[in-house]
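J.: Structure in structure tokens, see below.
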Amino acid sequence: LGGLGSEYGLKVRLGFLPVSQRYGDVVETQQHYRSRWRSIRIMYLTMFLSSIDLTADASFLGWIISSYSLGQMIASPLFGLWSNYRPRREPLLVSIAISVAANCLYAYVHLPTSHNKYYMLVARALVGFGAGYTTREADAQGNIDQVAVVATNILFFVILFVFAVFETIATPLTMDMYSWTRKEAVFYNGIILGAIGIESVIVFMVVKVISKKTGERATLYGGLLIILVGFFILLPWGKKLPNIQWEDIKNNSVPRIIFNEMFTPLWKLQTTQLPSNHTAEPTGCSVVQPWCLYTPLIHLAQYITSDILIGLGYPVCNVMSYTLYSKILGPKPQGIYMGWLTASGSGARILGPVFVSQIYTHFGPRWAFSLICGIIIFSLLVLEAAYKRLTAFSVRYGMMQQ
């Protein structure tokens, strides 16, 4: 950690920032390491889910992904409060016991003859619950600015929410827009996410230098603007439509979708299966999704440009939100506060996949990404409103000059 400076090393040793991993001369935070591998696992989770239960669909996959974060969101404040008033060994042992039991259940979800997807849902929720133990220990005089704490939690929620949407939607979006098979979508998006991971490591090494010159708040503001531009670019433009999944479709067989049918629940849509002379995996945008018939194609250049920008903005926002939060809390007992931060992040990872799986399926990428842009704009307004209060604990009580 010496190459990153004594300030960062001190924060890591005190527990204010995640521990880093070193690969030669490249340093990667534990948070970035988890995010990178979580992106890879999400792409393969859908194939594992379909292999143990054929009744599981894309919407249920959203709940499967979210269940881990739901358990973590519930457990984090409870374990944090527990560790503030009792010996830390107690919540630690309980969390380990829950994790062991949950992983044993997770390992055998394929054995029951039915309802396997529900066993998997429960198992992932319990694994998340067991992972909810977070504690920090310190003490100081003075009160923590609760407005700054709430604002930072909101910002952290938005940051993880939009990235959860991004990594969840990658596979179905590319299958719909570029007629990729599931195997191709997993492979190509794996390459893209791997490149984004490398980009994030480079950004992490550079952002410390930038934040020293501009300050954490301004750097966070810039990161959010970059993510906003990334999702704005991802909006469908032009007139070209994606390929429809029906391979033998005729001009007179395209169903007419009137305005009120756009708001019909997915399970009530009636579709007609056209005959096919082969059993190859169908590709293209499924006509089950009515928006495929009128929503313009998202060009591959748009998608890759958006990936680069989001991959640039997310690590900036992630690191700066952690840094700001640790400075706002200062040397105070942080168990419950770190529990709330973890809970807000878990809540984002719960709602993100569910949000995008429902909005995208029913209304398409234009609605989904427009709403994401609106959420990011809201976070910028929150940051603007609380800007002057997002200061370090030591600065607030006159212990040092900012």
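Even glycines carry a Cβ here, placed using N, Cα and C.
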J.: Given 67-85, 257-275, which one carries TrEMBL's transmembrane segment label?
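T.: Residues 67-85 are the ones TrEMBL records as transmembrane segment.
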J.: Return yes if the transmembrane segment (367-387) and the transmembrane segment (92-111) have at least 3 CB pairs under 8 Å (sequence gap of 6 or more), otherwise no.
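T.: As far as Cβ distances go (cut-off 8 Å, pairs 6 or more apart), the transmembrane segment (367-387) and the transmembrane segment (92-111) do not touch.
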J.: Restricting to CB pairs under 8 Å, which listed stretch, 67-85, 303-325, 337-361, is in contact most with the transmembrane segment (147-166)?
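T.: Looking only at 67-85, 303-325, 337-361, the most contacts with the transmembrane segment (147-166) come from 337-361.
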